[in-house]
Every structure is written in structure tokens, then in C-alpha cells.
Amino acid sequence: MKKEVCSVAFFKAVFAEFLATLIFVFFGLGSALKWPSALPTILQISIAFGLAIGTLAQALGPVSGGHINPAITLALLIGNQISLLRAIFYVAAQLVGAIAGAGILYWLAPGNARGNLAVNALSNNTTPGKAVVVELILTFQLALCIFSSTDSRRTSPVGSPALSIGLSVTLGHLVGIYFTGCSMNPARSFGPAVVMNRFSPSHWVFWVGPIVGAVLAAILYFYLLFPSSLSLHDRVAVVKGTYEPEEDWEDHREERKKTIELTAH
């Protein structure tokens, strides 16, 4: 775990999650600003969120994995894909990035267009219980899309993961906006709520629904549909951040050999 944290690549990845979430929140919320001359449409907002996540997944995905979502990060932790420490740093970076993105938009947008900065809220007589189910389903399909389209074990052509993920986010918004404003991402809900200081009694919905949905998708995908062949020892090593793939072990064999020889002398 110490080795992982001390690497430059680790902190590049954490910064990439911060930057990606900042940009995602800025563009997503920006598409929902209520300009007096032209109110946003459901289609406009849905496409904007989808384009934003697709663009960022393509641009910064190679650096950090392009989670940009605490629910996805926690699901990948449960799915034994990342270490506990990486998950903690990623979630912290995502939340700070969301606050920064919402804050920048608040500062730039005029008061007559700002509105409530697209803070998520229940609408159309949606109860908290129903809202949780809606967010669970929306995030479940998003998480499955992410896991499947980015699975390195797949040998068949998968197309563009960034495009698939962007379309999945767009799909979720086309349905979810009518119920909850569509979150699918606790950071997206948390950022504007902090900036506007508007935490409704139902704010928990935008944490519980997405996290449960993503975790259920991870359990289904990584343990039932496409289980990993890693041993229990290797699974523990992944969570601790000490797991080294066989390819890396071969690459570093000579380095280890020299170290052993020096120690022997």
C-alpha cells in the first residue's frame, strides 16, 4: 500500500479524478442553467451530461480509470478492482472536484440564470423510497455498462467505451430527470448542494440509490457473470494495494535478482 501511495502515477490519477469531476459538474450543471432567453430542455441536459462524461472518459480514463463518480469507485472496490486506499483518495478528490466545479459555475453564472444550480430534488410526487429505486436502477445500468465496456478480459470487439458510457449517462438522464433530476453520481449531487447550501431532507437518496445500484452491479458482474480467477491471497493484495500482475513480476525479475545479489554480498 505504501508503494502505491508513493508513486507519481498514483497522485496523477487522484488529480485526474479531481479535474475530471470538476469539468463534468461544470458542464453538466451548466447545461441546466435557466437563461431567461432560452430555458433548457430535458434532451439538452441529457446530451450535455452524456457528452461530458464520454469526453472525460476518453481524455482522462487512461490516467485514473475515469471513475468520476464515488458510486463507481466504491463498486470497483467491492468488485476487487482497486485498493482501499485508492478508493478513499479517489472519492475525496471527486467530492472536492464537484464542489470546485459547482463553485466556478456559481461564480460565472448571472443570478437570473443560476436558479438553484440544478440541485437534485424529488419531483412529480416521487417519494424518497421510489426515488431510491429510480436512482438504483439508473446507476445499475450505468455501472454494468462501465464494467463491461472497460473489461480487459474481453476478447471480442467492444467498440468505444467512452461512447458507450456517455450514451448510458444520457439514457439515465432522459428517464431520471422527471423523478429526481437524475443523479447517478453522489458527487454531482453533493457539489451544488454544498455551494448553494441546500441539503434537503431527501439528500441521502442521491447517495444510497447510486451506491447500492453500482455495488449490486459489481457483485453481479465480477462475482456471478464474469468472476475473476484471482486467488484469495491475490484478492487481498488488490485491496491492500500490493498486488503485482504476473506481467509486472516478469518485467521486474532482473531488478529483484540484482537486489538479492547485492543483499547477499
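Quick reminder: no glycine exception, Cβ is built from N, Cα and C everywhere.
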Could you tell me whether Swiss-Prot assigns GLY61 and VAL239 to the same side of the membrane?
yes
Take the topological domain 'Cytoplasmic' (1-12) and average the pLDDT across it for me.
80
Distal contacts, the transmembrane segment (159-179) - CB-CB under 8 A, six or more residues away
42-43, 45-47, 49-51, 53-55, 57-58, 61, 122-124, 126, 130-131, 134-135, 138-139, 141-142, 145-146, 149-150
Are there residues at least 6 beyond the ends of the topological domain 'Extracellular' (192-203) whose Cβ is under 8 Å from a Cβ of it, and what are they?
25, 29, 99, 102-103, 106, 116-122, 128, 131
Taking 10 A as the limit, how many CB atoms besides its own sit near the CB of ASN124 (N-linked glycosylation site)?
7
Assigned element (helix, strand, coil) containing ASN124 (N-linked glycosylation site), judged by DSSP:
coil
